[in-house]
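Beneath this line is the structure, given in structure tokens, with notes to follow.
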Amino acid sequence: MLMTVQDFETAARTRLDPVHADFIAGGAGDEITVRANEEAFRRLRLLPRVLRGNTERALDITVLGSRARTPILLSPTAFHKLLVEEGELATARAATAAGAIMIVSMASTVAVEDIAEATRGAGEGGDPAPLWFQLYLQPDLEFTRSLVRRATDAGCTALVVTVDSPVRGAHERDVRNGFLDLPDGLRCEHMVDPREGGRVRPIAMSAEITWTHIDWLRGITSLPILLKGALHPEDARLAVRHGVDGLLLSNHGGRQLDTVPATVELLPEIHAAVAGRIPIVLDGGVRRGTDVVKALALGASAVGIGRPVMWALAEGGEKGVRRLLELLREELDQALALCGAAGVQDLTPDLVRAPVWPPADASAALPGGVVS
Ligand SMILES: Cc1cc2nc3c(=O)[nH]c(=O)nc-3n(C[C@H](O)[C@H](O)[C@H](O)COP(=O)(O)O)c2cc1C
Ligand SMILES: CCCCCCC(=O)C(=O)O
């Protein structure tokens with residue numbers, strides 16, 4: 001029975017090629033950050049309010065003009081056709097059924113136009129859930145401009161620019177497994193270049209990209225721009241100065257620079273740096289409704305999930321992802337109820353505790369004055 005995100009992973013692993021399971025689970029280097037993301041959520045404690053009389057909870061959000069029925073969005077993940085034949089079409093239908101924002105990866109195996117088409121009429125009242133588009137800025141600016149135009153024309157309502165990848169992280173599992181390219185028959189649909197007779201370009205992860213490129217992007221689009229992967233508070237402040245509309249606080253699920261901090265640990269500092277001027281979405285290690293509550297209480301406007309969607313897609317295609325999103329919604333609603341909250345807007349930092357035990361002034365009272 002699939003009751004938790006962990007159950008989806010366990011079930012998916014029985015069906016998946018172990019090489020593909022490693023591609024999903026893996027991270028960079030020693031995978032210290034992969035583990036840190038989940039551990040950091042586990043370390044935090046919730047301190048609920050009581051007797052608040054909230055019989056129903058509001059889970060809906062509006063972020064950068066995009067309305068969603070849940071604060072849990074689908075972070076961009078590559079290559080869904082590795083897992084099921086329909087690939088991103090299945091994911092997108094499930095997202096729209098849940099009223100969840102899906103961020104389409106630039107490395108998706110279905111084109112954004114087809115993904116948008118698949119979501120039409122599939123949402124509540126016929127409205128599709130919002131689609132956002134993730135970009136790795138390519139040094140070939142004309143090619144990047146054509147991608148922005150495609151995403152805009154397809155109806156995407158925000159651009160998410162991944163900035164943590166001047167080079168690709170060291171995915172040692174993939175190297176050991178020899179998983180260095182997509183199998184025959186699959187391709188990154190957005191990298192097909194009509195100017196070059198339909199050649200499929202490699203995705204450039206380029207160290208040439210600077211804030212000047214962000215200014216350039218700001219100048220060619222009126223869509224909201226979020227930066228994904230800026231972790232330093234000074235870069236968060238620079239993002240605001242460069243006209244960026246939001247941050248996706250992410251360490252790429254531990255797949256880029258290993259040993260960076262867990263995102264939820266950075267959240268208070270980043271929240272203070274942007275000082276409410278732009279919204280923050282957080283991803284990395286979100287596996288439970290209580291994790292969503294913790295991130296929102298600490299200042300995130302929404303959270304993203306990456307691997308859980310991949311496991312659910314591998315386990316059961318569109319149905320699997322639908323069930324996953326329902327499950328997380330149920331967990332979130334229950335956690336809100338137990339916190340005494342009427343909805344996500346009621347979540348405040350005082351509901352979260354990072355335990356330091358024993359407290360400094362109490363340690364003298366322990367037997368022998370020992371600090372454990
Ligand atoms: C298999 C896989 C593929 C990913 N592909 C992309 C991608 O194409 N673009 C991107 O910006 N991030 C990508 N990410 C990172 C996710 O967007 C997200 O930051 C991360 O998965 C969140 O952590 P979580 O997996 O612990 O939820 C990928 C992650 C995984 C696991
Ligand atoms: C060279 C293709 C890279 C696809 C990007 C996928 C990604 O970001 C990941 O973490 O994997």
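Glycine residues also receive a Cβ, built from the backbone N, Cα and C atoms like all the rest.
A TrEMBL annotation is a machine prediction, not a hand-curated record.
Marked as active site, proton acceptor by TrEMBL: His252. Annotated FMN binding site per TrEMBL: 76-78, Ser105, Gln134, Thr162, Lys228, Ser250, 283-287, 306-307, in sequence order. If you look up TrEMBL, you'll see Tyr136, His252, Arg255 marked as glyoxylate binding site. As annotated by TrEMBL, domain 'FMN hydroxy acid dehydrogenase' applies to 1-357.
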Distance-selected binding-site residues near ligand 2 (C-beta under 6 Å), from Ala78, Gln134, Arg255, Gly285, Arg307: Ala78, Arg255
Rounded to the nearest Å - Cα separation of Pro76 (FMN binding site) and Tyr136 (glyoxylate binding site): 11
Cβ-Cβ neighbours of Pro76 (FMN binding site) (radius 10 Å): 24
Mean of the pLDDT scores, which run from 0 to 100, over the domain 'FMN hydroxy acid dehydrogenase' (1-357): 96
The residue listed as 'active site, proton acceptor' and Lys228 (FMN binding site), distance between Cα atoms, whole Å: 8
Residue among the binding-site residues Gln134, Tyr136, Lys228, Asp283 whose Cβ has the most other Cβ atoms within 10 Å: Asp283
Cα proximity to Asp283 (FMN binding site), best match among recorded positions Tyr136, His252, Arg255: His252
For Asp283 (FMN binding site), the three-state class that DSSP assigns: strand
C-alpha spacing of Arg287 (FMN binding site) relative to Arg255 (glyoxylate binding site), in angstrom: 17
Residues flanking the glyoxylate site, with Cβ no more than 8 Å from the Cβ centroid of Tyr136, His252, Arg255 and excluding those residues themselves: Thr162, Asp164, Ser165, Arg168, Gly169, Met205, Gly229, Gln256
Gly285 (FMN binding site): tally of other CB atoms within 10 A of its CB: 28
In the chain carrying Arg287 (FMN binding site), residues 6 or more apart in sequence that have Cβ under 8 angstroms from it: Thr4, Val5, Gln6, Glu38, Phe41, Pro308
